[in-house]
Amino acid sequence: MFLLPRFVLVSCIIGSLGFDNPPTNVVSHLNGDWFLFGDSRSDCNHVVTTNPRNYSYMDLNPALCGSGKISAKAGNSIFRSFHFTDFYNYTGEGQQIIFYEGVNFTPYHAFKCITSGSNDIWMQNKGLFYTQVYKNMAVYRSLTFVNVPYVYNGSAQSTALCKSGSLVLNNPAYIAREANFGDYYYKVEADFYLSGCDEYIVPLCIFNGKFLSNTKYYDDSQYYFNKDTGVIYGLNSTETITTGFDFNCHYLVLPSGNYLAISNELLLTVPTKAICLNKRKDFTPVQVVDSRWNNARQSDNMTAVACQPPYCYFRNSTTNYVGVYDINHGDAGFTSILSGLLYDSPCFSQQGVFRYDNVSSVWPLYPYGRCPTAADINTPDVPICVYDPLPIILLGILLGVAVIIIVVLLLYFMVDNGTRLHDA
């Protein structure tokens with residue numbers, strides 16, 4: 001009987017040490033309340049339309065195609081749709097949000113606004129944009145696009161100043177110079193309106209450098225003024241460079257209201273599209289899967305830069321993207337990462353997704369959900385353990401101390417009895 005508690009304790013410890021519950025490199029969900037934003041690698045409609053039944057084109061398991069939990073468009077991305085005429089209305093809602101897109105705007109596309117511009121600035125813009133998207137989708141359920149109506153009282157129209165290859169910027173819109181202005185040293189305004197959403201992500205952009213036109217250099221200056229609250233948001237050019245600069249964007253999170261766009265120099269810019277954020281939720285980190293090309297094309301790491309704990313978990317493959325349909329579609333590593341969407345998981349962390357909530361040899365960093373902090377094992381050969389690790393250790397120490405005390409007492413009484421017998 002004395003040995004039974006120690007046997008149970010030892011069995012529990014052995015069972016706990018023998019149970020393997022490592023974090024897995026997948027994206028998953030706690031329950032059915034989830035949504036995925038993607039591109040061709042998760043665009044079921046694209047596969048059905050152009051490659052019937054050839055689902056090797058995707059990294060997504062085709063069993064998820066009828067789930068109604070995916071908004072994806074081949075050849076597009078949320079960033080691309082936000083800024084350019086090549087538009088797809090990404091729309092979705094869920095408690096747990098997953099992103100697997102972004103590859104359709106990379107250094108491979110080499111976009112820059114002007115011939116002497118810089119694609120590096122646009123990669124910086126991409127990182128800043130996705131930072132706002134990821135942070136806000138950790139606290140909002142719903143994402144979609146909305147048009148932003150504006151009123152400009154002049155006669156000039158918007159102009160396609162910023163374009164490269166097939167990409168033409170239309171958000172923000174550039175209002176051309178009025179015919180009666182001899183240069184770009186003028187102030188001009190336009191009203192725009194935000195309504196129908198809880199909050200909005202809108203661009204505020206300037207050329208951060210000396211912009212040359214007809215032998216004159218100009219410093220860009222743009223402001224948005226909230227006429228309801230009196231709050232003003234603004235950017236002024238601070239760089240003195242004349243080449244190698246481009247369109248620097250900040251991404252503001254604004255409430256509904258009436259706004260005034262103001263330009264003090266160069267061309268007026270006005271937002272035409274916004275990310276519509278709706279339905280506040282309890283904080284739930286988003287999950288982002290790296291979106292990159294095969295190494296034959298140049299990619300960037302901007303989604304990784306944007307995805308930081310505690311609001312975001314980033315998942316990536318350790319090998320080059322090598323597809324089975326073509327080199328850029330149907331990679332085994334990324335298919336494995338997305339396979340976690342086929343089942344529920346209790347715990348998410350920076351290291352990965354835990355399949356069980358009982359015990360693990362890896363302590364979860366930035367945990368979310370029901371994460372493994374105690375043993376709870378029930379196998380045919382091992383009794384159920386209901387101890388946290390610390391009490392188990394303390395109990396072992398106490399048992400050891402008790403054994404030592406018992407041995408000391410036994411020796412004491414044996415010596416004492418021997419002395420009494422000798423005296424008798």
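Cβ coordinates are placed from backbone N, Cα and C, and glycine is handled just like the others.
On a predicted model such as this, the values are computed, not experimentally measured, just so you know.
Straight from Swiss-Prot, the features:
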type     : residues      : note
SIGNAL   : 1-16          : signal peptide
REGION   : 7-127         : region 'Esterase domain 1'
TOPO_DOM : 17-392        : topological domain 'Virion surface'
DISULFID : Cys44-Cys65   : disulfide bond
CARBOHYD : Asn54         : N-linked glycosylation site
CARBOHYD : Asn89         : N-linked glycosylation site
DISULFID : Cys113-Cys162 : disulfide bond
CARBOHYD : Asn153        : N-linked glycosylation site
DISULFID : Cys197-Cys276 : disulfide bond
DISULFID : Cys205-Cys249 : disulfide bond
CARBOHYD : Asn236        : N-linked glycosylation site
REGION   : 267-379       : region 'Esterase domain 2'
CARBOHYD : Asn301        : N-linked glycosylation site
DISULFID : Cys307-Cys312 : disulfide bond
CARBOHYD : Asn316        : N-linked glycosylation site
DISULFID : Cys347-Cys371 : disulfide bond
CARBOHYD : Asn358        : N-linked glycosylation site
TRANSMEM : 393-413       : transmembrane segment
TOPO_DOM : 414-424       : topological domain 'Intravirion'
CARBOHYD : Asn417        : N-linked glycosylation site
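Sequence features, as recorded in Swiss-Prot, placed on the structure.
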residue: Asn54; record: N-linked glycosylation site; DSSP class: coil
residue: Asn89; record: N-linked glycosylation site; DSSP class: coil
residue: Cys113; record: disulfide bond; DSSP class: coil
residue: Asn236; record: N-linked glycosylation site; DSSP class: strand
residue: Cys249; record: disulfide bond; DSSP class: strand
residue: Cys276; record: disulfide bond; DSSP class: strand
residue: Asn301; record: N-linked glycosylation site; DSSP class: coil
residue: Cys312; record: disulfide bond; DSSP class: strand
residue: Cys371; record: disulfide bond; DSSP class: coil
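Rounded to a whole number, the C-alpha distance linking Cys307 (disulfide bond) with Asn54 (N-linked glycosylation site) is 32 angstrom. For the glycosylation sites Asn153, Asn301, the greatest number of Cβ atoms within 10 Å around a candidate Cβ is found at Asn301. Between the candidate glycosylation sites, Asn89, Asn236, Asn358, the densest Cβ environment within 10 Å is the one around Asn358. Broken down with DSSP, the region 'Esterase domain 1' (7-127) shows 46 helix, 18 strand, 57 coil. Residue pair Cys205 (disulfide bond) / Cys347 (disulfide bond) shows a Cα separation of 39 Å.
Counting other Cβ atoms within 10 Å of each Cβ, the lowest count among the disulfide-bonded residues Cys197, Cys249, Cys371 belongs to Cys371. By neighbour count, meaning other C-beta atoms within 10 Å, the densest spot among the glycosylation sites Asn54, Asn316 is Asn316.
Of the candidate recorded positions, Cys113, Asn153, Cys197, the one lying closest to Cys312 (disulfide bond) when CA atoms are compared is Cys197. Residue counts for the region 'Esterase domain 2' (267-379) under DSSP, helix first, then strand, then coil, are 16 helix, 34 strand, 63 coil. Fewest Cβ neighbours within 10 Å among the disulfide-bonded residues Cys65, Cys113: this applies to Cys65. If you measure from the Cα atom of Asn153 (N-linked glycosylation site) to that of Cys162 (disulfide bond), you get 23 Å.
Counting only residues at least six positions away in the same chain, the Cβ atoms of Ser142, Leu143, Thr144, Phe145, Val146, Gly196, Cys197, Tyr200 sit under 8 Å from the Cβ of Cys276 (disulfide bond).
Among the disulfide-bonded residues Cys44, Cys162, Cys205, Cys312, Cys347, the residue whose Cβ has the fewest other Cβ atoms within 10 Å is Cys44. For the pair Cys249 (disulfide bond) and Asn236 (N-linked glycosylation site), the C-alpha distance works out to 11 angstrom.
Looking at the region 'Esterase domain 1' (7-127) alone, the prediction's average pLDDT is 90.
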